[in-house]
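*Asks:* Take this structure first; my questions come after.
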């Protein structure tokens, strides 16, 4: 390792790499290059990456975060969709023999298979990434439903999306995304990232989100996918009452309306409430009750 070469994430090295390879950030891929070493190191710290950890990274770019991960982790496997960045990564990360780059769209990857093939069993697996903002939600949903038990997930995303992930009932940001994420994991904001930390500078601020496996809930839904679909339906018209949204899901026939009222009375939830007033447990109790009633 050449100790005289600045780290990849320093502003000077980032600009030098971009100039050398004549790279221009592709808006279509949500590319912005993080060039603040303190923030890069803090991301690794937030994930508590150790020499025993295997790490999945998404969108390594020119390798700034990858380098910081490689210095701490047992092995890093990074998914990069942009083939033009492969020779750049081969160059910038040549000193790290514990890094493998896979040229593939993470949404099309078989994560369990990759982890089985690339990592030795018996070691923690973590996901650490600066996510492309335009597909943050699909990536997180795919990861959380991939049947991979990540010990820790630490990702950067648009601050507005981060607010939705950690939102609580009764707030404007609270919605179906909040509920689905909080059903899967304990979600918290680790720290904020200003737009000035990137080259080129994006139009939005960012935040680092940490997701950790949650303890089993006191009540579990009869089916995960049924819960997610039900929650989405309840927030289809968030300014309308729960009663109106439930009729949108199940129908407005008199017999159906009567059964909806029966379920609401059984779980002791007012039909006049708006969906954003309900907790995760409320939604689980509702989906189970509608299933018992034969409506799901």
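Each Cβ is built from the backbone N, Cα and C atoms, and glycine gets one as well.
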*Asks:* Which residue of 130, 147, 203, 244 does TrEMBL report at the same S-adenosyl-L-methionine site as 32, 34, 59, 80, 105?
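*Replies:* Answer per TrEMBL: 130.
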*Asks:* Taking the Cβ of residue 105 (S-adenosyl-L-methionine binding site) as centre, how many other Cβ atoms lie within 10 Å?
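*Replies:* Around residue 105 (S-adenosyl-L-methionine binding site), other Cβ atoms within 10 Å: 12.
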*Asks:* Over the domain 'Ribosomal RNA adenine methylase transferase N-terminal' (39-215), what is the model's mean pLDDT?
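*Replies:* Mean per-residue confidence for the domain 'Ribosomal RNA adenine methylase transferase N-terminal' (39-215): 94 out of 100.
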